Ligand SMILES: O=C(O)[C@H](O)[C@H](O)COP(=O)(O)O
Ligand SMILES: [Mg+2]
């Protein structure tokens, strides 16, 4: 059973118990480009109390560097080495886990941020934002030549998705049985500033259905992202808490990593998914309405 927190004492107890604080982004810090109330103040409280702050987002549309620009534009203090995204996790998975040979390529369904992380990991790719693939022209196999060097397809949130990209990815994944199928993340929806939109999981869904095959997911809840954090940040899981808005990514990610989990209700998950009548089997340790709730520890003094 989750513990619903709301008192100064409860927030103070969490602040005393955890040295490292992992934050999901979409639905916790912001919705689209709309900053959620109280986020800046609470992150400032954590930094003044010498807490380690880490951002872990499944949003693969931006690289860590371009996320730093978003943080700056929204007035949220963040350092590039505190930011971990599913685009980065996918690139590290390809370079370090699969150890993709430098002579091989990746076909990308995704946006500039994913391409930037692949490039920074020395991975050659085709597709993605290439204008020739971002077309509404009819796709015909008569005009398609398979690139024999493509040995992986990576699929992330792509707001320019189209039949051409899906068809080319399908060719690579069916004509080469050894072609890796990787999803940066499988979030079904994305909490934009004005409401829900299809998420990355809904972009890869047509391929999963057509192929009858699921991708390897490198974003939350998979451990790849936490492995990327561990490679750069020293932390004790027993004194680490993750704050997220989605049960089957953020909270499950925390549970898989042995972290304490705190769910906020400013993004995807609703109160009913916690309290019932049909509550989710994924049960966070703590629930609070919003990250900004922690401000009471300073307004109360
Ligand atoms: O791909 C998606 O659907 C979105 O990027 C999703 O919102 C994940 O972002 P996060 O909540 O992990 O920051
Ligand atoms: Mg989120």
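Backbone N, Cα and C atoms are what each Cβ position is placed from, and that goes for glycine too.
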Same-site residue for Mg(2+) (record: TrEMBL; known: 24, 26; options: 245, 285, 293): 245
Length of the line joining the Cα atoms of residue 24 (Mg(2+) binding site) and residue 220 (substrate binding site), in Å: 10
Residue among the binding-site residues 24, 26, 245 whose Cβ has the most other Cβ atoms within 10 Å: 24
Near-site residues: Mg(2+), ref 24, 26, 245, CB cutoff 8 A to centroid: 25, 27, 28, 29, 57, 58, 191, 244, 246, 250, 267, 268
Distance from residue 220 (substrate binding site) back to residue 26 (Mg(2+) binding site), taken between C-alpha atoms, in Å: 13
Around the Cβ of residue 220 (substrate binding site), the count of other Cβ atoms that are within 10 Å: 32
